[in-house]
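Below you'll find the structure, written out as structure tokens, and then a few comments.
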Amino acid sequence: MESITRVSMSVCPFVKSSSAQALRQLSKNSALTSQARQCPFMGAALNAKESTRSYSSATKPVRATASSLASNPPSTMQSKYSFKAEELVGNKDAINLESKENTFDFKGYLNSELSKKRTDKSYRFFNNINRLANEFPKAHRSEENDKVTVWCSNDYLGMGKNENTINEMKRVLTKYGSGAGGTRNIAGHNIHALKLESELAALHKHEAALVFSSCFVANDAVLSLFGQKIKDLVIFSDELNHASMIQGIRNSRAKKQVFKHNDLADLEEKLAQYPKSTPKLIAFESVYSMCGSIAPIEAICDLAEKYGALTFLDEVHAVGMYGPHGAGVAEHLDFDAHLKSGIASPQTQTVMNRVDMVTGTLGKAYGTVGGYITGKANLIDWFRSFAPGFIFTTTLPPSIMAGSSASIRYQRSTLQDRIAQQTNTRYVKNNLTDIGIPVIPNPSHIVPVLVGNALDAKKASDLLLDKYNIYVQAINFPTVPIGQERLRITPTPGHGPELSNQLIGALDSVFNELSLSRIGDWEGKGGLCGVGEPDIEPIEHIWTSEQLALTDADINPNVIDPVIQPIGVSSGVRD
């Protein structure tokens, strides 16, 4: 449009000599059309347009006859003012289509940006990995007979192959079809969404929940909404927060304070800079996925209460994995109390009910897809009413939501998958450390192996895949800082001692073949990320030996097929 305007201003005497105000005034009535008829080009175009109107007026449909076509061939039916497009384009005096200005070089820009990523070795290649449900944790590559063992999936508990989940998805898929049919506001609000949100609220022992298409969307939508709606809000963000949280904070346009990772002193120093009346929100994760560290949730809640801040806790890498029922690290911190009370809330205050908001995913430990947030009923209703990321997107398919509910119910009633996963994780960590492989120390289920160079990390990943049929993804910038590149290993209940020994032996060989730095080498360099650093105290796993000794007989029977009352918040709250 701007290009047409510029051309018109340069070639049309009428437009050139008229002010913008005059043109706007003329456009409000027929005067502009009258003036346009005096133009040799616009006049012809207007006459041609009007001459065709009789052919598009409302008439009864009739069948064309050969005689009518013969008496009125197409060429004679055209207006005498009609003209061919190529005639107008070819008239150099009419419109000059060649701009004298240089256009932006989009192609050059894109190629330059991609070239930079290739140069710094952060350009990403996606491996074709097709996980096999009946052979978990196996997968095949592009050819079905080319099978590998997957060691880096986020399907932490193997729920992607769980019969309860799959059967429920099949049942609902057959009855309700493949899609939801609309947004939650228009034809996409259904019993499956209500059931899933009720399950999630009960899991986290919060008043209500809201399901999003992914947790990236949930984090972005919620955090951006806070900043856009609450004047003078300050968001305090851990420096290792996930990209979805960073994006949400950026989109919020709120003032932000980034505090050092898990550093309570730094967080308090920043909180203390603002009056208690200033609205504040602390955004952090429970398990940080690339290093495996765990946040001091209880202490952060203490600071939030002291300085009048809301707490926003991302439990994406913890739901399903921690706590007696899989509600995450916040539940795990009061393990015995929640184990005893089951589906009910403990009589005493817990960390879980001190956290204002919890976001989580259905796409990792629960084996499906989607994200969610839980919290107070009025908070959830506010998100439902104002968050564009929720309002203007199609609802998850009914089968996905039903399968997710089945996964939550299953994991709530068993400890065995979590215990098996933690047991296998300890086995891998201990044996890798024993042979000097630099595992970044942490208390969680993540096994990050430090490489420290993007090219070497890619070579190690490729060698494991091509030579040993083991798939471990290399992690590089911007997911981790430059110089801290690593291999990220995530054992599951299916990675028992036999597969674990294969991985340990393969990594040992790869480190030798590529001359990668081991723990002793990192010690000589002064250490990095907790590997080879002096005065590093041993880190205890969050799952204790006593907890790993529990069985399903220790679970409160009230969690097995409990009657969970539907929560109607996402339908709208009646006055």
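One-based numbering along the chain as shown.
Using N, Cα and C of the backbone, Cβ positions are placed for all residues, glycine too.
Annotated transit peptide per Swiss-Prot: 1-55, in sequence order.
A coil conformation is recorded for Thr479 (substrate binding site) in the three-state DSSP classification, outside any helix or strand. For Arg124, Ser237, Lys256, Thr479, the entry in Swiss-Prot reads substrate binding site.
Residues or ranges marked as pyridoxal 5'-phosphate binding site by Swiss-Prot on the basis of similarity to another entry: Ser289, His317, Thr361, Thr393, Thr394. Secondary structure at Thr393 (pyridoxal 5'-phosphate binding site), taken from DSSP and collapsed to helix, strand or coil, is coil. Within the same chain, the residues at least 6 positions away from Thr393 (pyridoxal 5'-phosphate binding site) whose Cβ sits under 8 Å from its Cβ are Thr183, Phe212, Ser213, Val217, listed in sequence order.
Summarising the annotation, Swiss-Prot assigns N6-(pyridoxal phosphate)lysine to Lys364 and lists similarity to another entry as the type of evidence. Following the DSSP three-state reduction, the secondary structure of Lys364 (N6-(pyridoxal phosphate)lysine) is coil.
Fewest other C-beta atoms within 10 Å: among the binding-site residues Ser237, Ser289, Thr361, Thr394, Thr479, that description fits Thr394. Closest to Thr479 (substrate binding site) by Cα-Cα distance, out of the recorded positions Ser289, His317, Thr361, Lys364, Thr394, is Ser289. Taking Cβ-Cβ distances under 8 Å and a sequence separation of 6 or more, the neighbours of His317 (pyridoxal 5'-phosphate binding site) in its chain are Asn154, Glu285, Ser286, Val287, Tyr288, Ser289, Lys364, Ser444, Ile446. Reported as a whole number, the C-alpha separation between Arg124 (substrate binding site) and Thr361 (pyridoxal 5'-phosphate binding site) equals 24 Å. Cα of Thr361 (pyridoxal 5'-phosphate binding site) to Cα of Ser237 (substrate binding site): a span of 20 Å. For the recorded site, Ser237 (substrate binding site), the DSSP three-state label reads strand.
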